[in-house]
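Now, the feature entries from TrEMBL:
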type     : residues : note
COMPBIAS : 529-550  : compositional bias 'Low complexity'
DOMAIN   : 80-516   : domain 'Major facilitator superfamily (MFS) profile'
REGION   : 528-550  : region 'Disordered'
TRANSMEM : 82-100   : transmembrane segment
TRANSMEM : 120-141  : transmembrane segment
TRANSMEM : 148-166  : transmembrane segment
TRANSMEM : 178-201  : transmembrane segment
TRANSMEM : 213-235  : transmembrane segment
TRANSMEM : 241-260  : transmembrane segment
TRANSMEM : 331-352  : transmembrane segment
TRANSMEM : 364-386  : transmembrane segment
TRANSMEM : 398-419  : transmembrane segment
TRANSMEM : 425-450  : transmembrane segment
TRANSMEM : 462-481  : transmembrane segment
TRANSMEM : 493-512  : transmembrane segment
């Protein structure tokens, strides 16, 4: 039997990348005493820990601990993000609702039918309220926290859908007023909901998980749109019943928020450190463990340092903070990205799905086409989680813009020169492909990056301003769509959307930064103009020292 001298360095087998991070946190000298004695036994042989060197079976135990902790942490992060993003379903349903109800609301045989002008207001008025919701969200995020903002959003959603469900069936003026008020409320919800859910996901996520978690907001919007399209396909003539079902979904979402822990980052800014530690332990998979955990202490120390740095900077007014490059630069970048998203027609296709399908000479049932659009968006959004972590943000966005432009130009060509019977499937294929390619980049990437680009101290207000301008542009493009079709013709409108998509590709290439694999601090340093190479070199040197001493 070979014995190991205490002074000898025992080479360790390489660990997986996610295990390596936890190993480094568990093995420094000042953390060894925090590892329970049971970890010091591997195969039953005596093991020694001397001068900070890990010997014998401890390495295997640390690796096992790393695997177990990482799996629990990943599951908890995913679960908490899903619970937070259930609230976003109402936003997706609100966006797609007009697409499946305008047919019912404008039927010639209905004495309470809407005319074209009234119908356009019904479809677009929610976009007027969206910017207001975006601004309010910034205040609420900092004032009452991430969780209670989500709770409030669910309550508003229930009120909105219930108002449509019980609207008058005999008095047109009363019915029209009720559904417009409901659409304004759901517009507030759409503006309110995107930032809280994505910010919550970004704040509870480890850098490795952040990409796939922040995309859950876009996935929830896509699922919400698919749900409402499906309800409309099976219940095409009863918009009140559809609203009742949507209200029931929001009640379920509200109940599911009960076990959601508050964001540790927000709790730390409010000097609620005990609650922050409890929340972080739950999210990282340690449950109600009362023991000192090195990983948790390390992360809390970073959050505490961020808070202290903000205090040392003083209570700056937002109008002063926004002049700092790490704030105004990402604000300009992300608002520009959202601008190309909106004016490339993505949300027009969502809101007027059945109408756009008809104008594009789609040969199948327009309501079935809307369901196919919804399914495609869900599938593509699911793929985005993988794309974000493997390809980053820029390559998928470039591919997305090129694909969108090609499809828009193709649809315009089909309108100018209708395809033969053997190619009657082509317009449907182009619309579905447009939805798929837009979801892979232009639709989802801006929302995903929204939670990454801003510093912690202004993340709430800056996200609110971004959402304000985004939905202000959304209102303009959605309200103008019928007018543009009437004055320019459908084909030219689609050519316009295609041209904007191409310009968006150039914007992504030369303006939008790549954030894949970067920590939130590194992203902030990038916009500040400060190199992070010194910090990374220091961390690398420390890691090398640990590896050598192990």
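The backbone N, Cα and C atoms fix where each Cβ goes, and this holds for glycine too.
Below 8 angstroms of C-beta separation, residues 95-96, 98-99, 123-124, 225, 322, 373, 401, 404, 408, 431, 434-435, 438, 442-443, 445-446, 449-450, 453-454, 462, 465-466, 469-470, 473-474, 476-478, 481, 493-494, 497, 500-501, 503-504, 507-508, 511-513 of the same chain, each at least six residues beyond the ends of the transmembrane segment (331-352), sit close to that stretch. Across 148-166, 241-260, 398-419, 425-450, the stretch most heavily in contact with the transmembrane segment (120-141), judged by Cβ pairs under 8 Å, is 148-166.
Contact check: the transmembrane segment (241-260) against the transmembrane segment (82-100) gives at least three Cβ pairs closer than 8 Å, residues 6 or more apart, which meets the contact criterion. When pLDDT is averaged over the domain 'Major facilitator superfamily (MFS) profile' (80-516), the result is 84.
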